[in-house]
Every structure is written in C-alpha cells, then in structure tokens.
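These come from Swiss-Prot:
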- Ser238: active site (ACT_SITE)
- Asp458: active site (ACT_SITE)
- His516: active site (ACT_SITE)
- 618-627: compositional bias 'Low complexity' (COMPBIAS)
- Asn132: N-linked glycosylation site (CARBOHYD)
- Asn161: N-linked glycosylation site (CARBOHYD)
- Asn168: N-linked glycosylation site (CARBOHYD)
- Asn184: N-linked glycosylation site (CARBOHYD)
- Asn202: N-linked glycosylation site (CARBOHYD)
- Asn260: N-linked glycosylation site (CARBOHYD)
- Asn299: N-linked glycosylation site (CARBOHYD)
- Asn347: N-linked glycosylation site (CARBOHYD)
- Asn410: N-linked glycosylation site (CARBOHYD)
- Asn474: N-linked glycosylation site (CARBOHYD)
- Asn492: N-linked glycosylation site (CARBOHYD)
- Asn505: N-linked glycosylation site (CARBOHYD)
- Gly629: GPI-anchor amidated glycine (LIPID)
- 607-627: region 'Disordered' (REGION)
Amino acid sequence: MRFAASIAVALPVIGAASAQGFPPPVEGVTVVKSKFDENVKITYKENDICETTEGVRSFTGHVHLPPDDNDFGVYRNYSINTFFWFFEAREDPKNAPLSIWLNGGPGSSSMIGLFQENGPCWINDDSKSTTNNTFSWNNKVNMLYIDQPNQVGFSYDELTNITYSTINDTVYVADFSNGVPAQNLSTLVGTGSSQNPWATANNTVNAARSIWHFAQVWFQEFPEHKPNNNKISIWTESYGGRYGPSFASYFQEQNEKIKNHTITEEGEMHILNLDTLGIINGCIDLMFQAESYAEFPYNNTYGITAYTKEKYDAIIHDIHRPDGCFDKLAKCREAAKEGDPHFYSNNATVNAICADASSSCDNYLMDPYQETNLGYYDIAHPLQDPFPPPFYKGFLSQSSVLSDMGSPVNFTQYAQAVGKSFHGVGDYARPDVRGFTGDIAYLLESGVKVALVYGDRDYICNWIGGEQVSLGLNYTGTAEFHRAGYADVKVNSSYVGGLVRQHGNFSFTRVFEAGHEVPGYQPETSLKIFERIMFNKDIATGELDIAQKPDYGTTGTESTFQVKNEIPPSPEPTCYLLSADGTCTQEQLKAIKEGTAVVENYIIKSPAASKGDPPPTTTTSPTAAPTAGSAMLQAPVAMLAISVLTALAFL
C-alpha cells in the first residue's frame with residue numbers, strides 16, 4: 001500500500017500570526033470542561049461556512065484528550081485533539097437520528113466526504129464560494145464528520161511548524177527560529193501536527209479505542225446536541241471497510257461491558273445505541289478481495305481491458321503460489337493471533353511479518369495497475385484524474401474560513417504519520433479479534449443494519465471484491481441472503497441507479513457509473529440509498545418498512561454482471577496546485593517547481609494539459625442495459641479532482 005499527503009495551507013506558523021495569509025488567533029470559541037475529568041474539554045464554534053440553510057446550525061470544534069498511561073492496556077504518551085464538524089439535520093433535528101462519517105486512508109480526512117461527496121455544500125471552482133447541495137446527507141439526518149485518528153485533517157497532537165511541497169505532496173517539520181522562508185508555488189509554510197508516527201494510533205483496533213473515547217465525551221458533553229433520538233450510525237468509505245466493522249463492533253462490545261458492569265468508570269458508561277453500519281467501496285479483507293484486483297481490470301461491465309489474459313493469470317498465480325499473497329497473509333494472521341492477541345502492535349516480530357505481507361500483496365496486486373495509466377479510483381478516468389474536485393483545499397486555506405472554524409492548524413488531507421504508523425505494523429494484512437467479516441456478522445446478530453455500497457467504476461476497492469465479501473459472511477441469515485436476487489434501485493420515476501441484493505438488515509448494492517467516492521458521482525442515488533437504510537426502508541423502492549418485515553428479501557437475478565455500462569467521456573484535465581501530484585502533468589509540475597506556471601484560484605492555466613487517452617476496450621464495446629442508465633447525476637459545479645497519486649492512499 002502506498003501513502004500520500006496533501007495539505008491546504010493558509011500559511012500560518014506558530015508565533016507568526018501577523019504574517020499575511022496566516023490564520024488569525026483562535027477567538028470566540030466556546031470551551032466546555034468535562035464534568036468527569038478536568039483534563040478533558042471540548043472547544044467549538046458555531047458557523048455557517050458550508051450549511052447556509054436558514055435555521056440549520058453547524059459547529060466545528062475539537063475534543064481534547066490528555067495523555068493516558070493505560071488506555072485499555074495501551075500506553076499513550078501524547079495528547080489527542082480530535083476535530084469534528086457537526087451539521088444538524090435540515091428537517092426536525094431534535095428527532096432525527098445521527099450518523100458519524102469517516103473517510104479512510106489510513107490517514108485521510110473526513111473533509112473529503114464532507115466537501116466532495118455528501119455534505120451540505122459543494123465548493124465552486126474559484127475555491128472561495130459554495131453552492132448548496134440539495135442531496136446533502138443532513139437533509140434528514142444529523143451528520144457528525146470526524147477527522148481521525150490523531151493528526152488527520154484538522155486533528156493534531158501538538159502545534160508544529162511545517163513546510164509543504166506541492167511537487168511531491170509531502171509535509172516536513174520545519175525550524176523557523178531564524179525566520180520564515182519565502183514561499184513560492186512549490187513550497188508553502190504552515191502549522192500542523194508533529195508528524196510523529198508514534199503520536200497517533202498505529203492500527204485499526206487502537207484507532208477504535210481512541211474514537212470510542214471521543215464518542216464518550218462528545219455524546220455526553222457536547223451541549224448543542226441533545227436529541228430525542230439516541231440512535232447512532234457509522235458510515236464510512238475505502239479503508240473504512242476496516243474502520244467501520246472494527247469501530248462499530250468495539251462500540252457494541254463496550255456497550256455490553258457497560259451493561260454487565262465490567263466498565264464502571266465515571267464518564268465512560270454512556271451506551272452508544274448503534275443502528276446502522278454503512279460501508280462505501282470498502283477495502284474490508286484481502287482474503288476475500290485480493291483476486292478482484294486481477295479480475296476487475298481484466299473483465300468489467302465497461303468493456304475496459306486494462307489487463308491481458310497473461311497479466312491476469314500472473315497476478316492470480318502470485319496470489320496463490322507458495323509464499324505468495326495468501327500465504328503471507330495467513331502467516332501474518334497466525335503470528336498476530338499468537339504474538340499480539342490484544343492488537344497493541346507492540347510485538348516487533350509480528351509487525352515485521354505483517355508489514356512484509358502487506359507490502360508483498362501490494363506489489364503483487366497493485367504494481368501491475370500502475371502500467372495502465374488508468375485511475376485508481378475510476379477505471380474510466382486517467383491516472384491524473386480531475387474528479388471529484390479538490391477545490392475545497394483552497395477553500396479551507398482562506399483566513400476567514402479558518403477563523404470561523406476556530407482552527408489553530410492548517411488542513412491536511414492526508415496524514416503521513418498515520419500512514420507510516422499503520423504501514424509499519426502491517427495493519428492492512430491483519431484482521432482484528434473476529435476478523436472484519438466476523439465483525440459484520442457480529443453486528444448483524446446484534447440487530448445492527450449493515451449496508452455495503454459500491455460504485456462500479458472504482459478499482460482500488462472494487463465492487464467485485466465487495467460482492468465477494470457480502471457472499472462470504474457467516475451469520476444466521478447467510479442462506480437467505482444468498483437466495484435473494486438482485487433488484488433495481490429505483491431512484492426516481494425515470495432512473496434506476498443500481499442493483500441491490502438485500503435480506504432483512506443486510507444488503508449489497510452496486511451503484512451504476514460511480515467511482516470510489518460514490519456520492520460525488522451519484523448524489524441523488526446515494527442519498528436515496530442512505531435515507532432508505534437509515535429509516536428502515538427497502539433499498540430497492542423505499543416503500544417497504546423493513547422493521548415490520550424482517551424477513552424481506554429482494555428477488556431477481558443471481559448476478560449483476562449482465563448489466564453493462566457505456567464508458568463516459570474523459571473529464572477535462574485540471575491541474576490544481578494543492579493536488580498537483582495527482583492532477584498535473586510532468587510539464588506542469590516542472591513549471592510549478594520553476595515558478596513559471598500561471599495560476600488562477602489554484603488552477604494552473606499555463607502550461608495547459610491535454611486530455612488523456614481513452615481507456616483500452618474490447619473489440620466490441622458493451623451496450624448499456626436499459627436499467628443501467630447513462631446520465632451521471634453530478635453536483636451543480638464543474639466537479640474536477642481528488643488526488644490520485646503515484647503514492648497512493650485509500651480515501
């Protein structure tokens with residue numbers, strides 16, 4: 001697995017707030033000291049930065065946790081300052097349920113989801129103004145976006161001077177004791193976290209422990225959210241295919257310990273009433289999904305033949321051969337079971353075995369795809385992919401925005417420290433205690449709804465692998481889920497947005513013509529799926545009450561592969577300074593480095609880029625089935641780019 005950083009910089013440094021472009025001092029924040037622990041506090045500020053609907057409130061802030069020498073067995077000698085952005089529901093917030101949103105990475109900010117996928121606003125191409133998102137997920141649900149683990153996005157451990165290279169998308173710790181260096185197109189300065197990989201969670205399970213502490217504080221002590229509805233859901237994406245099952249099952253386990261009085265510490269006995277786990281294009285378990293990295297580029301519903309039969313066979317061989325991907329995964333999991341049963345990642349031998357497994361599988365599965373020059377997050381787009389747009393990075397660089405947010409740090413889309421920490425212990429090769437598919441089964445047995453939603457153009461966590469996960473679960477409803485067929489997802493009177501297999505509380509949905517960030521491609525379809533699940537309706541029509549019909553199952557075909565899609569036109573290239581490594585050509589990067597590029601609102605106007613070649617197809621391109629539809633439902637702005645980098649992070 002490869003990792004990348006991307007920072008939006010308003011150019012602050014510690015002790016240099018008077019310099020032009022630096023965010024002003026944090027002022028006007030409300031401070032709430034915990035009634036349970038004097039060292040714990042919440043700071044927050046109300047604002048209308050993104051949600052401009054009259055009467056609908058939103059708040060940005062941090063939950064501040066001190067170091068802890070025994071965090072459920074984990075020694076944590078660093079502070080955690082976790083950023084949140086809370087949006088009340090546009091309709092009846094007092095009685096609306098609440099959903100947490102988490103992006104993946106590991107190390108990616110949830111501002112990706114907020115601004116590129118499902119939040120109340122889209123950022124326009126001037127990187128300064130917003131457009132209302134009528135398909136926002138806070139239409140009927142209170143939404144809580146969290147940057148986690150520590151050092152991700154606006155979350156931080158300690159304020160640190162940094163420089164940021166737009167050329168290689170990297171953050172460096174800086175010493176400004178002799179003055180702040182001059183800035184140019186390729187080098188920016190700012191304030192961030194320590195960049196210390198030891199000052200953040202080092203695996204998924206430890207991240208679950210941290211987010212549970214955040215939730216205990218926020219749901220008990222954040223004064224602006226006192227609902228009549230105490231249901232909590234988690235929706236997540238990408239590496240969230242691991243976060244979601246692990247976090248939700250950890251919450252559920254802690255609930256059980258609170259109920260049986262195993263946990264009795266004051267301030268840590270709040271029941272988190274779990275309702276739904278939603279996973280969008282999740283990378284859940286390589287044991288189920290590894291083969292899809294060969295299958296999807298070779299045989300997909302768009303007729304794109306990125307791999308030859310020889311390349312496909314070679315990857316499958318590397319997965320199954322002795323000392324191949326599966327062998328290494330099995331050795332890692334056995335070593336972790338014996339040497340790190342509590343998932344502290346403090347056993348150097350286990351860490352080395354699992355890091356080797358993770359790196360080896362990455363090499364076997366993903367290295368061949370680099371040669372295709374196709375998008376990791378959208379196989380129909382070029383590698384330098386200008387969709388969805390990165391304009392929110394410039395937006396979050398504005399001094400006025402940072403002031404309204406009350407943020408002491410610049411925005412960092414990707415936390416390198418988190419990537420290094422997780423990669424160093426081989427987190428992607430490991431399961432948690434039950435395994436992530438076991439977590440999903442446990443949640444279903446506990447009455448929690450689970451929805452797997454996959455856009456059908458994503459390579460990195462593709463729908464073919466996601467479907468294999470859905471069919472590989474072992475729970476009491478397995479046979480009934482397998483017997484269910486695929487039904488159309490009816491979005492409106494004229495559009496079918498995908499196909500869904502559902503039995504009771506469990507579902508798998510393939511969303512047509514969507515890449516990795518499904519709501520950014522198909523806002524209306526995604527909102528319908530989200531709200532139907534959240535309010536106990538069947539996903540196919542939204543007309544049946546699943547709570548009243550727990551044995552409901554969809555009927556239809558056993559497979560969705562017969563429904564083909566047309567390849568969309570390639571997006572217009574847009575080189576964006578704050579996503580240069582993922583959106584710009586080598587010529588443009590050279591001009592940025594030399595300072596000769598012409599830049600307007602962070603967009604490189606000169607030198608211009610030409611549109612990339614279309615993806616390779618089979619001799620006869622498939623025709624779109626009537627149910628697939630070909631009109632992409634997009635935001636009302638020119639949706640352009642998320643970083644798709646040669647150094648890769650799951651979003």
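Cβ atoms are placed via backbone N, Cα and C, with glycine included.
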**Secondary structure at Asn132 (N-linked glycosylation site), reduced by DSSP to three states** = strand
**Asked** Restricting the comparison to the active-site residues Ser238, Asp458, His516, which residue's C-alpha is spatially nearest the C-alpha of Asn299 (N-linked glycosylation site)?
**Response** Asp458
**Complete:** The most crowded of the recorded positions Asn132, Ser238, Asn299, Asn347, Asn474, judged by neighbouring Cβ atoms within 10 Å of its own Cβ, is Ser238
**Asked** What is the interatomic distance between the Cα atoms of Asn161 (N-linked glycosylation site) and Ser238 (active site), given in whole Å?
**Response** 30
**Request:** Tell me the Cβ contacts of His516 (active site) under 8 Å, same chain only and six or more apart in sequence, or just say none.
**Result:** Glu237, Ser238, Asn281, Tyr376, Tyr377, Asp378, Gly455, Asp458, Ile460, Cys461, Leu651
**Complete:** Cβ density check for Asn161 (N-linked glycosylation site), other Cβ within 10 Å (all protein chains) comes to 20
**Asked** For the glycosylation sites Asn202, Asn505, which Cβ has the most other Cβ atoms within 10 Å, all shown protein chains included?
**Response** Asn202
**Asked** Between Asn168, Asn184, Asn260, Asn410, which of the glycosylation sites has the fewest other CB atoms within 10 angstroms in the structure shown?
**Response** Asn260
**Item:** Nearest-integer angstrom distance between the alpha carbons (Cα) of Asn505 (N-linked glycosylation site) and Asn410 (N-linked glycosylation site)
**Value:** 40
**Asked** Where does Asn202 (N-linked glycosylation site) sit in DSSP terms: helix, strand, or coil?
**Response** coil
**Request:** Take the Cβ of Asp458 (active site) and count every other Cβ within 10 Å, whichever protein chain it belongs to.
**Result:** 27
**Asn260 (N-linked glycosylation site) and Asn168 (N-linked glycosylation site), distance between Cα atoms, whole Å** = 51
**Other CB atoms within 10 A, centred on Asn492 (N-linked glycosylation site)** = 11
**Item:** Rounded Cα separation (Å) that holds between Asn410 (N-linked glycosylation site) and Asn184 (N-linked glycosylation site)
**Value:** 17
